[in-house]
Ligand SMILES: Cc1ncc(COP(=O)(O)O)c(C=O)c1O
Ligand SMILES: N[C@@H](CCCC[NH3+])C(=O)O
């Protein structure tokens, strides 16, 4: 459930604000987020975990706007980060660094040092050399690093190959059968404290089974580690819960969290960590775009809009489907089938293909489910300034990132004398 709804007069509202008003005030293209939706989604995880010890660590990569991080920080959220930049954002947004888990396969020594100085809660270690690097940096700083090993359980997440991470062929984590040996290496370091096991098998999962298969394997590993005298305090189950973009019916976060909890009934002290990104942010955001031209050709009819692949790359990158709707359904328009495309000079620049739409030039369109992996994957390709981001909180539409200017495009560059 989100807070983007059509009113009886045919206009789409973000909470209590007509999206047409947002487009008039801030221009298009423009990202719009709903605070109530973000909070609702975060609480769905938190409440479903109930009194089982747990922490919801929002995956910053999904949408790293400071306003969004601060909304979640105020709820008591933890954060899953994958870079020094994401950690800096969490700190800037007022997040609690002791609730940060640091994932990612290529942590640099500088990032590890920054994270140790900032007091992050845990490093999710993704390889043996990384374990030694963390130990070296912690030793040099005279600090103790909390670690968890990200294990690769070799489970097929059944999602797009580019966003599947839990198979042996993927670069992520350490093969689950090698994990005990790596934990034993960690034991040998005084400056490392083993606190957890971590596992993230992919993104946009629409079934529970892969999560539960992975969980079974990880629980077996935890038992095996106990026999080796290695006690695990937390189980980080990663993120990956999918959302409905079209006709998918992924489990609700509460159904997902309940299913995991069921399997932990006999382990009441094993703290559960979730790293959801998409499930919190995707349907808490939309992208507003204006129809510049309708271009009928013999083969296809194109709706050329002012947003492009540089603003929202998911359709081009993964052939991802995102619903596209008029912002006002009460206008008298003739319906046709369109490819909705942007102005970028790439054939792959499209937001949607073969969409039935009743639209005219100048109309405002809404790309739904754009709150996750939307703005944060935007670029300046074709020297297009990136769009503004607006957070709606009840009756208020707050610009939480302004539209870039041309001068922003060449910030940091120099003209040779
Ligand atoms: C380690 C890790 N945690 C969490 C996430 C968040 O995933 P999602 O947005 O699918 O919940 C990702 C991205 O897939 C990830 O790589
Ligand atoms: N960026 C991807 C998800 C990748 C998940 C990152 N681990 C998407 O838009 O669907």
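Just so you know, glycine gets a Cβ as well, placed from its N, Cα and C.
For 30-371, the entry in TrEMBL reads domain 'Orn/DAP/Arg decarboxylase 2 C-terminal'.
The average pLDDT computed for the domain 'Orn/DAP/Arg decarboxylase 2 N-terminal' (36-282) is 95. According to TrEMBL, the feature domain 'Orn/DAP/Arg decarboxylase 2 N-terminal' maps to 36-282.
Under the heading N6-(pyridoxal phosphate)lysine, TrEMBL lists 61. A C-beta separation below 8 Å, combined with a sequence spacing of at least six in one chain, links residue 61 (N6-(pyridoxal phosphate)lysine) to 80, 82, 86, 277, 373, 376. Secondary structure at residue 61 (N6-(pyridoxal phosphate)lysine), taken from DSSP and collapsed to helix, strand or coil, is helix.
Among the features that TrEMBL reports, pyridoxal 5'-phosphate binding site is placed at 240, 275, 276, 277, 278, 373. All protein chains considered, the CB of residue 275 (pyridoxal 5'-phosphate binding site) has 27 other CB atoms within 10 Å.
Residue density at residue 373 (pyridoxal 5'-phosphate binding site): 25 other Cβ atoms are found within 10 A of its Cβ, drawing on all protein chains shown. Residue 373 (pyridoxal 5'-phosphate binding site) carries neither a helix nor a strand DSSP state and counts as coil. Residues or ranges marked as substrate binding site in TrEMBL: 278, 314, 318, 346, 373.
The Cβ of residue 345 (active site, proton donor) lies under 8 Å from the Cβ of 382, each of which sits 6+ residues away along the same chain. The annotation active site, proton donor is assigned in TrEMBL to 345.
For the pair residue 275 (pyridoxal 5'-phosphate binding site) and residue 346 (substrate binding site), the Cα-Cα distance reads 34 Å.
Residue density at residue 314 (substrate binding site): 21 other Cβ atoms are found within 10 A of its Cβ, drawing on all protein chains shown. Between the C-alpha atoms of residue 240 (pyridoxal 5'-phosphate binding site) and residue 346 (substrate binding site), the distance comes to 30 Å. Residues 278, 314, 318, 346, 373, recorded as contacting substrate, have a largest CA-CA distance of 27 Å. Checking the binding-site residues 240, 275, 276, 277, 373 against ligand 1, the ones with a C-beta less than 6 Å from an atom of that molecule are 240, 275, 276, 277. The record assigns 240, 275, 276, 277, 278, 373 to the pyridoxal 5'-phosphate site; their largest pairwise CA distance measures 15 Å.
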